[in-house]
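Asker: Got a structure for you, written out below as structure tokens; questions coming shortly.
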Amino acid sequence: MQRILIKGCSILTMKTGEKPFVGDILLAGQRIARIAPSIDETADQILDGKGMLAMPGLINAHNHASMSLLRAFSDDLKLMDWLDKKMLPAEARMTKEDIYWGTMLGSAEMIASGTTAFADMYVHMDAVAEAILDSGMRASLTRGLVFLEDDGGRRMTEAMDLIDNYSGAGDGRITTMLGPHAPYTCPPEPLAKVVQLARERRIPIHIHLAETREEIENIKTKYNQTPTEYLHEIGLFQDNHVLLAHAVHLTSSDIQLLHGMKGGVSHNPVSNLKLACGIAPVTEMIANGITVGLGTDGAGSATTLDMFAEIKAATWLQKLGHGDPTVLPAEQALRMATIESAKLLGIDHEVGTLEAGKRADLILLDLNKPHLQPIHDLHALAAYSVTGADVDTTIVNGQILMRHRQLLTMSWEEVHTQSAKRAARLVEGL
Ligand SMILES: N[C@@H](CCSC[C@H]1O[C@@H](n2cnc3c(=O)[nH]cnc32)[C@H](O)[C@@H]1O)C(=O)O
Ligand SMILES: [Zn+2]
């Protein structure tokens, strides 16, 4: 079993109430073996942690990784125009190979900015899964289901094939969910069927909810309900583990409906800011016992998959929205990007904090930089000063995916060439 010893780093375990300290971390195989002020044991590889901050790898709870191919292609549009006029036509051209290289591009960015796991909803998910097996990342994968043009039969078959073929693959790095896309693309009958199937087979669900005012109006016109009421009436929150993306526009009675739900909400503040969706009621949801993690959404809208940008945006938006800088402090924002997101993916028993027995998913941040000195409060520094570019080393399941900013599981040159070529073809004439 490969043993890696990280010596003399500052450590944020993200365990509740645990103060930062300086120490050593021993990894054995896929897991964390020990964390202590000093560990004198032999190892196959010793990483010098001096001047570094170790923390759990960040977990991106809502992404469409292959949309990295559509980064900075179509911006400054309304969500529905962006989706209908730009994204869907470009996506219609995507082949399996495009999706593979798009996911590799997204993975390269995530690994390089400290993300070790993500939840993804897209198409050709077998290609996404193959990219994850190759990149070494951890992911919860979902075939997006829309039921507008047809009965969605082909999509359902693909969704179940993904679940049957890839759940647990890559030494448990891949998990799966069922992904009805959103209330406005899933009418009651097929949605109820998906919910029923998910309940019977105990499969978690990943769905977009209440992202824009247009969605609220649209669902009100169709069903005379809020999107949350619509999902509640179908029984989504009774027994299923549900990952809700966005949840920007919730009434206080919507929040009551979500109280006690299994799973929770991926808050995606950069995407919400950029598309002018609104400020999600994060503080209110947390006060009502709802788990809130953090995600980016696809790079097609967010334009970046840097979770450190989401941490900043999440806390700043709550402070601004409440006119109160004490709201959503640094440590809580970091928890949202780690252990709270892990809960949403249903993997908090394995990752999300640094502790012996958990999977070895962690990052080393290089603090030897002007914008990261001096060191007073490591939580504040990590939340407010660090950017993704400060990540020096990224480890998933005990495997080093990036060391001194060199990607080790892929050839960046190849990812660069493939993604540039394919992206150009996807957007030609659009
Ligand atoms: N369009 C696919 C199924 C959906 S996959 C996930 C979809 O989510 C879309 N998407 C990405 N970001 C957002 C968002 O913020 N809100 C709603 N949809 C999004 C994305 O363009 C992609 O089409 C099909 O016809 O089979
Ligand atoms: Zn999305």
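Using N, Cα and C of the backbone, Cβ positions are placed for all residues, glycine too.
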Asker: Of the candidates Arg138, Arg143, Arg199, Arg201, which does TrEMBL annotate as part of the substrate site that also includes Glu91, Arg154, His181, Glu211, Asp297?
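Answerer: According to TrEMBL, the candidate sharing the substrate site with Glu91, Arg154, His181, Glu211, Asp297 is Arg143.
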Asker: In TrEMBL, the residues His62, His64, Asp297 are said to bind Zn(2+). Which of His208, His379, His404 is said to bind at that same site?
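Answerer: TrEMBL lists His62, His64, Asp297 binding Zn(2+), and from His208, His379, His404 it also lists His208.
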Asker: Here are the binding-site residues: His62, His64, Arg154, His181, His208. Which has the lowest count of other Cβ atoms within 10 Å?
Answerer: Arg154
Asker: How big is the gap, in Å, between the Cα of His62 (Zn(2+) binding site) and that of Arg154 (substrate binding site), rounded to a whole number?
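Answerer: Per the Cα atoms, His62 (Zn(2+) binding site) and Arg154 (substrate binding site) stand 24 Å apart.
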Asker: Once the chains shown are all counted, how many other Cβ atoms turn up within 10 Å of the Cβ of Glu211 (substrate binding site)?
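Answerer: Its Cβ shell of radius 10 Å holds 26 other Cβ atoms.
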Asker: Largest pairwise Cα distance, Å, within the listed substrate binders Glu91, Arg143, Arg154, His181, Glu211, Asp297?
Answerer: 27
Asker: Enter the number of other CB atoms within 10 angstroms of the CB of Asp297 (Zn(2+) binding site).
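Answerer: Its Cβ shell of radius 10 Å holds 28 other Cβ atoms.
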